[in-house]
Amino acid sequence: MVKAVVLGAAGGIGQPLSLLLKNSPLIDELSLYDVVNSPGVAADLSHINTPATVTGYLPKDDGLAKALEGADVVVIPAGLPRKPGMTRDDLFQKNAGIVRDLIVGIAKTCPKAFILIISNPVNSTVPIAAEVLKAHGVFDATKLFGVTTLDVVRASTFTASVVGEKDPRKIAVPVVGGHSGETIVPLFSQASPKVEIPEDKYADLVKRIQFGGDEVVKAKDGAGSATLSMAFAGFRYLTIVHAVRGEKGIVEPTFVYLPGVAGGEEVQKAVGGVEFFAVPVELGPNGAAKATNPFGGVTEKEKELLAIAQKGLQTNINAGVEFVKQSGPKL
Ligand SMILES: NC(=O)c1ccc[n+]([C@@H]2O[C@H](COP(=O)([O-])OP(=O)(O)OC[C@H]3O[C@@H](n4cnc5c(N)ncnc54)[C@H](O)[C@@H]3O)[C@@H](O)[C@H]2O)c1
Ligand SMILES: O=C(O)C[C@H](O)C(=O)O
């Protein structure tokens, strides 16, 4: 039996992601939590004739604890999205507290669950989650993931259009680092199959992958950021449930705490000591089984991108850690 919980289930990402989960044979029980409308979303989804049961909870009557009880996987798309002119860091003020409080609920109710964080800024919200779990004595780095799959999905789509591949799914480009602007680093040198990016297209392609989120924010013109492509990407990352169910050999880039994952220390050395970094991670029934080192054959240009990413990431990580230190009794 696998129970998946979506925190922020009534939102732009939460609803389509919950729909995909309700339609998935991997999930037996789906629990939806939000500060608004989650019982409505649950009632709606529950009419779909697939086996997963669906229940919706609001904060009243201890709803968060009830939603999380017995969870195997918790995915968190709760929090504000960007509007034009904002950076992801501008969301910190509101979303840091939202993520902290939800993680406190997880630490108390289902500390062994896999935790997948979508809420931005991911580069800070994942360190916040780690610090909260540490404060509760239940931190397990192999179970905490920042979802960076949308960057991988975009890299595949945009690279395919540059190299003229009609089916983008055939192109896999590892994307490492973090999840904002220049902390996002596509490694074309490690793509499978091998791709040749024309010299005059390289800089624009990198930029498009790094700032793909801005494209959507601008097009939505005040109505939010990526939701449908994010639900697709979040569901793709939820193939982690295959690993929960015992399947081996699943490797996906994801943002993890390197010192707590096998192979992570070697990767950490290669990225200038930064503790949180997205790299391809092998997943197993107990979570992150191994962080793989993708830097062996990187090009000089990629090394330059990585150096820039490391700097930005460290600042974002420090902000998250500092926020939890200042949180006092809210923990
Ligand atoms: N990691 C990624 O690649 C990625 C991609 C897209 C969006 N995002 C981020 O995901 C988040 C959600 O985006 P969205 O478009 O779904 O926003 P949205 O505003 O449509 O939905 C957010 C939902 O969170 C709920 N919420 C707010 N506070 C809550 C709390 N304390 N507990 C539970 N639920 C709460 C809201 O009621 C709302 O339903 C944003 O922070 C956005 O930046 C991340
Ligand atoms: O761009 C955003 O703010 C949302 C998300 O992080 C994205 O990459 O689309």
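Even glycines carry a Cβ here, placed using N, Cα and C.
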TrEMBL records Gly8, Ala9, Ala10, Gly11, Gly12, Ile13, Gly14, Asn95, Ile118, Ser119, Asn120, Met230 as NAD(+)-binding residues. Which of Asp34, Asp72, Asp140 is assigned to the same site? Asp34
Identify, among the recorded positions Arg82, Arg88, His179, the residue whose Cβ has the fewest other Cβ atoms within 10 Å in this structure. Arg82
I'd like to know which of the binding-site residues Gly14, Arg88, Asn120, Met230 sit within 10 A of His179 (active site, proton acceptor) at the Cα level. Arg88, Asn120
Roughly how many Å lie between the Cα atoms of Asn120 (substrate binding site) and Gly14 (NAD(+) binding site), rounded to a whole value? 14
Distance between Ala10 (NAD(+) binding site) and Arg154 (substrate binding site) at the Cα atoms, whole Å? 25
